[in-house]
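One structure is given here, and the rest of the page talks about it.
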Amino acid sequence: MNSELDNIYATPSHQVSDFVFDQKVAGVFNDMIRRSVPGYAQIINTIGDFADSHVTPNTNVYDLGCSLGAASLTIRRRIEQRNCNIIAVDNSESMIQRCKENLSAYVSDTNVELICGDIRNIEISNTSMVILNFTLQFLPVEDRDALIGKIYRGLLPGGMLVISEKLRFDDNKMQQLLDKHHLDFKRANGYSELEISQKRSALENVMKPDTLTHHHSRFDNCGFSHYSTWFQCFNFVSMVAIK
Ligand SMILES: Nc1ncnc2c1ncn2[C@@H]1O[C@H](C[S@+](CC[C@H]([NH3+])C(=O)[O-])CC(=O)[O-])[C@@H](O)[C@H]1O
Ligand SMILES: O=C(O)C(=O)Cc1ccccc1
């Protein structure tokens, strides 16, 4: 996978514009997400483990907001010989283009259908696994319940949803503590104060994290009776829910 260095926010800008998944971001995304999200590599690997133990033969697997295809690539390696279909969706053309190149760099007997489109308009059916790896947080808040409900209905009994997100905390002390440690993580990975603050402004109107309580009540309301956090580092969490 390509690894150009992320220096998108390294030069001062008078007016930082809203964050978009354009060609510039797609070109550095592999570096950006690894240096910005604590636990990202572990989460991707573990998604592969979950797929190995959970994806059943002749079913669909959905990777919603697939970006460069990191989750799809890992899953595909782990579910050979099961006659499954991976459906990877993203509404950024630049991401889909690069995802296509990444997927074609390896051979596999598992078909990957790449869709450039909005995950709110995708039909979900006959699925044993759905991945929302840091994608729900970019959807308008009012559209999130409907997406999780649609996923629940498309899952087969025993099917699994893996959802990773940045969290917000109602408790101010915890918000400050975990946010500080996330920023320290970014500094330790070479981001400057300018890069950190300009990216923060760019994300402000675009990425709106929910609280853990909100995620839990959404799971409840959509019908999931089994769910748990399986990973958390600071304000980043990955949860698993089973139908
Ligand atoms: N409505 C939408 N429809 C389709 N795609 C969307 C939509 N909204 C946002 N996206 C897409 O969701 C992705 C979110 S990144 C996912 C990382 C990946 N899962 C990974 O495992 O590396 C997370 C991050 O950047 O923190 C972007 O590629 C958007 O274009
Ligand atoms: O960079 C951050 O501060 C984040 O919260 C994570 C992130 C990672 C990649 C794109 C957008 C947000």
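Yeah, the Cβs are placed from backbone N, Cα and C, and that goes for glycine too.
Curation plays no part in TrEMBL annotations; they are all automatic predictions.
Within Y40, Y227, the residue that TrEMBL lists together with G65, C66, S67, D90, N91, D118, I119, N133, R200 for binding S-adenosyl-L-methionine is Y40. Within 10 Å of the Cβ of D90 (S-adenosyl-L-methionine binding site) there are 26 other Cβ atoms, across all protein chains. Spanning the listed S-adenosyl-L-methionine site, residues Y40, G65, C66, S67, D90, N91, D118, I119, N133, R200 have a farthest Cα to Cα distance of 25 Å.
DSSP classifies D90 (S-adenosyl-L-methionine binding site) as strand under the three-state reduction. In sequence order, I43, I44, I47, D63, G65, A70, A71, V162, I163, S164, S238 make up the list of same-chain residues 6 or more apart from N133 (S-adenosyl-L-methionine binding site) whose Cβ falls under 8 Å from its Cβ. Over the domain 'Methyltransferase' (61-159) the predicted model carries a mean pLDDT of 98. Note on the binding-site residues C66, D118: the fewest other CB atoms within 10 A surround the CB of D118.
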